[in-house]
Structures are given as C-alpha cells and as structure tokens.
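Student: Quick one: the structure is below, and I'll ask about it shortly.
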Amino acid sequence: MKRTAATQYVVTRPLYSEEAFAEEHEKVYRQRKTILDHIKQYFTWDAKRAKNAALSLLPIIGWVKIYQIKQWLLGDIVSGISTGLVAVLQGLAYCLLASLPVRYGLFSAFFPVIIYFFLGTSRHISVGPFPVLCLMIGSVVTRLVPDGGLAMNITGLEGLTIDEQRVVVASSVTFLAGIIQLAMGVLQVGFVVMYLSDTLVSGFTTAAAIHILVSQLKFVLGLQVPGISGPLSIIYTLEIIFNKITSTNVCDVVIALVIMVVVFIVKELNDRYKSKLPVPIPIEVIMTVIACGVSYAFDFRARYGINTVGDIPEGYETPMAPNLHIIQLTAGDAVPMAIVGFAVAFSVAKVYSVKHDYTIDGNQELIAFGVSNIFGASFRSFAASTALSRSAVQESTGGKTQVAGLLSAIIVMIVTLSVGFLLDPLPTSVLGAVVIVNLKGMLMQFREVPYLWRRDKPDCVVWLGTCILSIFLGLDLGLAAGLGVELISVVLRTQFPRCSVLVNIKGTDIYKDRKDYTNIYDPEGVMIFRIPSPIFFANIEFFRTKLVEALGFNPLRVLRKRNKAVRRIRKLLKKGELQWTSTGFLNTSFKPIKESEDESNMEELDLPTDFKDLPARIDWNAELPVNLSVPPVEIHSLILDFAAVSFLDISALTGLKTLLRELIRVEVDVYIVACDSYILEKLHDCSFFDDEVQPSMFFLTLHDAMLHILEKHPESTEKKSDHDMIITTVTVHNPRVSLRSRDKNVGIRFCQLLAILYMFFGK
C-alpha cells in the first residue's frame, strides 16, 4: 500500500563525504574530562552536595515528608500485621535451610528490617530471610561444622556446642557479605548486578529450588540426614535418603502432605480471587497454629516420635564480634552471597518501583543491605535479602511504605520476646512442608525453557547451563560457572555476528538485507557489506573471512597473482617472446607460456602492482596471454556499513587497514559509511591514514556513498532497464571540495542535488 503525498518527505542537500561535511559544518569543541578531573570533582564538596548526600544516604527523609497519614497509614498497618505473621513462619522455616536453630530465623526477620527502614530506597519489599541465601549459608555451615563436630581447628570456637559454633559461622560469613555489599555501594559499583541477566537468575533460582526441595525431604520424611556441601552434594544427599527410606516416620509424612495440599489449594484460591479478597488468607499461619495445637493436644512428640521445634528461648542475645578465622575461610563464599542477595532484592524492588512510579538507587540499596547484614550479624542473624512471596504479601495487602516493614518487625519481636514458647510442639515437618509449597514459583520457571528455545537459543543455553551446573556443582560454584556461560554466549554473539550484504529498496533511500526482499536495486560492480557488532581482536578474522566470502575473491591472493603475472610478462617482453599490439599481447614464440614458479622476493608480491617498463596498463578483466590466469574481480566499489560498529581496538585497526590496502591495490574503491565520530577520532589519533587509506573514503550515509559511486561509474546503470536506474539530477558547482582526493578521474568538485530524490524509480 503506497503512502499518500502528505506522509512523504523530500530533502535537497549536498552529497556529503565526512571531509566535505566537516568543512561545511563547524563542529563544537568539547573539552573531555580526564580521570584526574573526575577524581577532583568526586572529592570536592559544598553545602548543596553535602545535603544531597545526606538525603541519599537516608532515603527515609524523602518519603516521610510526603507521607499521607489518612490515605496510607491504615494500609501500612494491615500490611505490617499480615507480613509480620508470614515473616515469623518463614523465619522459622527458612532457618532449617541454614542448618541453624529456628530462633535465629526470627532474628534475621527483625534486625535487618530495622536498618533497611532507614536506609532502603524501596517502599514495598519485605526484608528478611531468603531461601536461596539460607541454603548457601547452610552449605558453609555444614562444611565447617558438620554434624560430627568441627571439620577443622577454628580459633574461637573452643568450648561451644555444635549449634553455637554454627551460629558463629553463619554470623561471620553474613558479616563479611555485608562488608562486601557496603564496599560495593560506597565505590558506586552497583552496576555489576547487570551482569546477572534475568535468564541467569531464573536458571540459578530454579536450581536453588531443587536444592531446597531435597534439603527439606529429611524433615518431611522424619529422617536423620547429615548436612552435605560441595559438588554433587545433592546426589549424595538423595543417596542417603533412599538408603534410609524404610525408616520414614509416617506421622511426619501425613502431616506434611496435609499441610502441603491445604496450603497449595488456598494459595491458588488467593491468586484466583485476589481482586475480591481484602487481604490474602494467611493459610500458612492458620495451618501452623492448627498443627501446633493438634501436636500439643495429642502429644505427637512422645507418641509418634516426630521432631518438633522445641524450646525457643525468649529475648535476644548480646552482640558478638565476627570470627576473623572464619572470615578468612569463607571469603570465597561471601562474594556470591553478597551478589545474589543484592541481585534478587534489587530485581524485586525494580518491579514494584515501576508499578508504583518511584525510583530506586542501586548503590544505596547495596549500602542498605550491607549495613543491615553487618548490624544483623552482630546480633547473630544470618544474611538477609527479600522473599518474593513475603514481598507480594506486603504489597498486595495495601503496604505503601516501609512503615509496613517496621510493623512486621514489631510482630516478629513480640513473638521472640513473649510468644515463642507456644511454638515448642510445632513439628518440623510442618515447616518443611511450608518451605516446599512456597517453592512453586521458582520451580515453575521450568516453563521458560520452551519459550527461550523458540525465541533465543543462546539465552536458553545460559538458562540450562546455569541450572544444571548449579544443581551438580553447588550454588556458589554453579553461579560462577553460569556467569561464565553467560559471558561466553555474549562473546560468541559478538565474535560471530550475522553479517549481511545490503541492497537498495527501489524508490527509497533505504538499504536492507539482499536475501529478505525482491523489489530491490543492485547496481553492477557495487557491494554493500554490513557487520552488526564491534570489531575487535576476537572477530577481525571472522569479519575478513565473511567479507571475502561475500566478495567471491581473496584480495591478497588476487594481488599476488597479478604481481606474478606482471613479473612474468615483463620477463617475456625482455626476451622478445611477447609483444604488445593495439589488440593486446601477442605470443611471438608460439610456445605455451608457463606461469612463473619463481618464489623469490615474495614480499614484493604484496605491494601495489607496478606497471612501469610496460607499454600499457594491463586490463585484468580482458583476455590475458595464454596460461596466465588471474582470478577475476567483478566489483569496482565496496561500501562497508559501520553503523553498528561501536568500537575498534588496536588489533582491529591493524587488520582493517591491511584489508583496505589489499582491496585498494586490486583496484576496488572502498567506502566506509555511518562511522561513529569517536571511531573517526581514534583512527586519526592512531595514524590510520596514509597515501592509500585516506579519510576521503568515509561518507555520512549509505545513500551518499552510493550516489557518489554511480556518478563515478555511470556504466553500473547502463545495463539496467529504465525502471531499475537511479533517477537523479545532479549539477556540479564550486569546484573546491574533493569528495575523494585519490579519485583522479572525478577531480575536485562539490555536488549538490537539485531535484526531488526519486531514487531507484520502481515499476
């Protein structure tokens, strides 16, 4: 369907090379800041900057000033109570993943929340235990303090029980993770989380969900299974469970199944009727209370031998300093904990910030979580992030700010100080069942695999690679391996881009892939080659190979063949076996002319063809003397589209210059179009140009270069029909600007388009 005249545009302007455009249009000079300038600016402070820094470090000041008590307070109260009840239960349940006494899960649901209330920029996430982090902490805890006691001699743990030793280990590694997060925030390196793509995080959390599921089987089945960490730990754990499967406690299994079925059904109803329910039904809390009451009434612990939460001491413990020996041993574990905890929390915070139209600061979030973990570790809590389900409760029940988070912390504090003893008869199988049910969201991420395979196979490989490696190698090594797979996929995409040959769409100044369209204009002897990626040391050879394939000849091979032929012709002329006539070369010896096998002075074969001492310039497309064969070169002009080339490194500059020289020496005019000004500056700074490779080969657009070529080579359109020819009216004015200084035939001139550019007039 053709567009109406009202939607068309007509442009009349001169035909521009980069040199011509630079001479006609003065460029604004901008002084670029050096690294020293940035350092000076960073350490230069004034009153305004100090005020802004204070506001950024304490985001609470910003949202407290706009807090709407009448509209927001009731929602925050309801949300805080609902989230607090869920936080209590999840704190107890997720603590089992960390292989710690359950009371410390309540600590992790309290202390970090208080700090985040003042320092965090998200108004909706619920800070506290996150199952993936708990599992990572549990692997460190069981590695350093297995069920049989200390695996190595650690200073400062003498005289402590196994539970106390594990608490010290968990607190120390949490403290180190907090230091790492704080350092990243202060150094403004929050951008590193961008290297964890959504695909990688999805595969990683799915693998973590499988680890969590396996770790909870011992509670659901009522088995005594030692904690195992390291590569293939999931296989060893399953082996132990299957070997002990005959010792399963039937009561634990029944309780867990009932809890899982009821909680699953009610949570599905919550999702289906969330628009009609004022608040989601807190089914986990309800079932926990019921299970606790039934267990107490029928004395399940004594009658059926099930494991229960046991006595939860009231109150908090005195602060403690981290163990430096443990910090040295767990440095490699703390880094992935810090990154994963921040990445998950920041991803959830971004979702709610977009939904509710406010901004979050990644670096400030790092500072907030860093200080939260440092403060919490001092009171024996373990690493905190955000749980997706708990944050969803806080937001869906009407929470507007972190006032809801503060109220949830108060609920947790009340349970810790005065209600904890009521949880004594609670079966641990209930907590395991609650954890398993809440894994549904992470396990359902398997549905992304078919979609990714259809839409983006490299992303699918990243997902599967991260998931499989994290399952078998463990979460810490799996994350590092998954990141490696992701970076390899990025490198491969850049190293092997999809290069293409472009042609003109008739009647437009638009150029598209030749394979995708039929109504095209493709003048003879002209090729447009596009590389859609940066050119650097890893892909310069690929770029050359693809270009040679598109051209149909190797310019270096053609150059050497031509120089060999010239060398042979010169020798035959001296011997009188070959003569030059008006019709070409004549073989006077009446013997076959053998191609020269002289391999001496091979370096000279790579130099420009020298026609001195010859009676005329050789037409390589004409018939040559018998047995002298030179590969044909069917194009006279090559356009390289650099619109998608964002940078070139030194290796690429060297390779590109060599390639351009080879093409120029076989009489192919090369034009580079749409080159970024930064790259042009770099080419000048690196002495890229010389007598052969000149700045005049650079043009502003593809169309400018094509018009210049067709003006220089009108024969390219002579064999085309009238419908296929370019229709332009060009008048030459002001012979002062050279479109290309090495073009001796065109001369020095300035071209201006005077008519409407009905380019490539179609049928």
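Glycine too: its Cβ is placed from the backbone N, Cα and C atoms.
TrEMBL does not curate its annotations; it predicts them automatically.
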Student: Looking at 366-383, 672-689, I want to know which stretch TrEMBL calls transmembrane segment.
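Tutor: When 366-383, 672-689 are checked in TrEMBL, transmembrane segment belongs to 366-383.
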Student: Taking 3+ C-beta pairs under 8 angstroms (sequence gap of 6 or more) as contact, is the transmembrane segment (193-214) in contact with the transmembrane segment (366-383)?
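Tutor: Output no: the transmembrane segment (193-214) is apart from the transmembrane segment (366-383).
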Student: Same chain only, please: residues at least 6 beyond the ends of the transmembrane segment (366-383) with a C-beta under 8 Å from a C-beta of the stretch. Say none if there are none.
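Tutor: Distant Cβ neighbours of the transmembrane segment (366-383) are 57, 95, 98, 100, 104, 107-108, 110-116, 119-121, 127, 129-130, 133-134, 136-137, 167, 170-175, 177-186, 190, 316-317, 319-322, 337-338, 341-342, 345.
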Student: I'd like to know the mean pLDDT over the domain 'STAS' (516-709).
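Tutor: Taking every residue in the domain 'STAS' (516-709) and averaging pLDDT yields 85.
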Student: What same-chain residues lie close to the transmembrane segment (77-97): Cβ under 8 Å, and 6 or more beyond its ends?
Tutor: 103-106, 108-109, 126, 128-131, 134-135, 137-138, 212, 215-216, 219, 279-280, 282, 284-285, 288, 309, 382, 387, 389-390, 393-395, 397-400, 403-412, 415, 423, 426, 428, 431-432, 434-435, 438
Student: Given the cut-off of 8 Å on Cβ pairs that are 6 or more apart in sequence, determine whether the transmembrane segment (403-423) and the transmembrane segment (247-266) share at least 3 such pairs.
Tutor: no
Student: Give the nonlocal contacts of the transmembrane segment (278-298) in its own chain as ranges (CB under 8 Å, at least six residues past its ends).
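Tutor: Those are 78, 82, 85-86, 88-89, 255, 259, 262-263, 266-267, 269-270, 306, 308, 393, 396-398, 422-427, 430, 434, 437-438, in sequence order.
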